[in-house]
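S.K.: Copying in the features that TrEMBL gives for the protein in this structure:
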- 1-10: compositional bias 'Basic residues' (COMPBIAS)
- 1-30: region 'Disordered' (REGION)
- 44-66: transmembrane segment (TRANSMEM)
- 179-196: transmembrane segment (TRANSMEM)
- 216-235: transmembrane segment (TRANSMEM)
- 241-258: transmembrane segment (TRANSMEM)
- 270-291: transmembrane segment (TRANSMEM)
- 297-323: transmembrane segment (TRANSMEM)
- 344-362: transmembrane segment (TRANSMEM)
- 416-442: transmembrane segment (TRANSMEM)
- 521-540: transmembrane segment (TRANSMEM)
Amino acid sequence: MTTVRQRRVGKGTEAAEDQPSEEKNVKPDGTIVSGHTGGKLWNIFSIIVGGIIAISLGLLTSVYVATLHENDLWFSNIKEVEREISFRTECGLYYSYYKQMIQAASIQQGLHGLVYDNKTESVRTINILERMNVYQEVFLSVLYRILPIQQYIEPVYFYIYTLFGLQAVYVIALYVTSWLLSGTWVSGLLAACWYITNRVDTTRVEFTIPLRENWALPFFAVQIAAITYLLRTYLKPVQEILTLTVVFIATFLFSLTWQFNQFMMLIQALALFILDCFDMLPAAKVMWLYIIQVSALLLVCVLQFFNSMILGSLLISFNASVLMAKTIQRNLKKGGLCSRLGKLIIHVLSVLCLTLLINKFIKNILHLESDEHIFKFLRAKFGFGATRDFDANLYLCEEAFGLLPLDTFSRLSDTLLFYVYVFVLFLMTIAAVIVAFWNLSGSNQVQFTEKMEECTVTLKPDAAYNLIHTVLFGCLALSTMRMKYLWTSHMCVFASFGLCSTEVWKPLLKCIRLYTSQRMHVIKYSVSIVMLLYISYKFWPGIMDELAELREFYDPDTVELMNWIKSSTPNAAVFAGSMQLLAGVKLCTGRTLTNHPHYEDKNLRDRTKQIYQIYAKRSPEDVYRILRSFGTDYVILEDSICYERRHTRGCRLRDLLDVANGHIMDGLGENEPDLKPSLYPRFCEEIKKNLPSYTTHFTRVFQNKTFHVYKLAKHK
């Protein structure tokens, strides 16, 4: 056991008086053991029990989501084409590369097909490994081919069970993070239970299995757990090195598996920057974390054949700026309150200016435009001017990129998670503000410390990091619903930590003059156990009912379409249509596409806008010319898009195209004054009338209740 040394005045983030892992002969629940040997035995026993519970909960979660997936689709009984159609939109695109690697004559040929791919985008050869984060599909396919398991498990099950298995890693990482913060595995148990009972808002893995976030978030959770451990005080050098290694590996895997990695890590870097400015984290460890982020991202950049979007990321520019600014401004943390505040403002402005300059310089040198649609979307979303940009409006009109719905908080409140989270967040924020002021006060700390001793306000570095982490990712989730899964899972960790934490209960009880060590431990464990009993009593019957509910996949129109394409069109045929549908066409039939849902490429975005003129008010000659310029042989029209009712006027795909083309939108409502009526009717409606001007270029070859397929004439 490590002995406790005297805490220096002025470091509010040093070890708290009651931090269990740093006291001599202390149990994980914070109680003192009479003998050194007894303390060791108790710690070993507690770690074993807590570890068994963590692994058990992780495995149970994997089985739970796998069962829900099976019960919802009857996945084991449906045909292969139906299984593949169940991988909707971009999920189908990613899975198609796993299928392609499995079906390749050899691993080498499979890799060659990905590096020199000419079926994902017609009349173009692209490098899939450079453009998309599909190394996980490559790794799994290679693993499936070399392991002697082909006779025992189908490729699709090997794939989905791997994803469900990662959920076990996810839950264990959340459990461990909460355990590390609070010092008791009871906190981890509560975090895992909240994660499971709030499944609707913490994960969507059971119905979007191949989605990149389902690969990445378990590694992100492992990284957060490792950072939490790294920020504990009194770590031995060997422990620090091993922990930094885990942080690097987890950061690398997270970055490799998700195209939005740079934006998530930028928020994480901002959290480190804020805490470092207020002297709430060890500066050396913060420096290492900055370096690890950049190193992991650059390694991914190399593996992705020097992907330009990574090189031009704000994360690399920001971290480089921070390191440069810290080198120049060495005396940032010296002086009185006013002096330090002045230096802090200059430091922040220097970092922001340097970040923008470096990022602009890199993008100009490399001519980068891959992520411009994201910044257009952000400017429009936060009110920095309206836009007619088709790509930005496509994001703005999607519910997933809108504000977090209020009913989310209602669901989170049913499990009491949201109430506990707000309670803990409020108390920890007050502590953080006090400690930040304390640290900035510098020479005036002695008198301030004496006043603070009455309530013993302390904030450990690991708790401080998790506090800022949850605040920043909370802001992200509130602004963009799709990102809520980064917040809600950590919400489970943060709320459970606070409920079982000495840092919350001790100052609270001291401030109302009811503190005794025994009373504090009784309260925190009693409240946690009551919370677990409440969750079990209220939600266990619902979980059992959910597991008993049996459904079946049913999409006969799409199945009919895919079967017709496979049986009635040449293998080299090129198909045009919506991004979402074409991903399924590639997966189910292997035909060549004109466009697809992986939107992080400017040429593809321009191409998609052109292809989507099939739903705009354009002449048949214009549409034919556009489609043939991309080598199109067949075009698929969907009634659900042509006559869309899911979105309100102004957000239907046809409305976005009309506005982008300068045309008045359909239906009752206002139009911007400079929009004009189109000279032509809507193509997707008019083509069904079989007028001569249309049949000259297009011949209908397939039709059902949902889809209409037209073959393009090949004029000389």
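Keep in mind that glycine also has a Cβ here, set from the backbone N, Cα and C atoms.
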S.K.: In the same chain, who gets a Cβ under 8 Å from the transmembrane segment (416-442) while lying at least 6 residues past its ends?
M.R.: 10-13, 194, 198, 278-280, 334-337, 340-341, 344, 409, 448-449, 452, 457-459, 463-464, 467-468, 470-471, 491-492, 494-499, 501, 503-504, 507-508, 531, 534-535
S.K.: Within the same chain, where does the transmembrane segment (216-235) have neighbours whose Cβ lies under 8 angstroms from its own Cβ atoms, ignoring anything closer than 6 residues to its ends? I mean 6 or more beyond.
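M.R.: Distant contacts of the transmembrane segment (216-235): 2, 5, 14-15, 21-22, 166-167, 169-170, 173-174, 176-177, 180-181, 203, 243-244, 246-247, 250-251, 253-254, 257-258, 261, 264, 281-282, 285, 289, 460-462, 464-466, 469, 485-486, 489-490.
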S.K.: Taking a Cβ cut-off under 8 Å, which residues six or more beyond the ends of the transmembrane segment (270-291) line up next to it in the same chain?
M.R.: 11-13, 227, 230-231, 240, 244, 247, 318-319, 322-323, 326, 333, 344, 347-348, 351, 432, 435-436, 439-440, 459, 461, 464-465, 468-469, 472
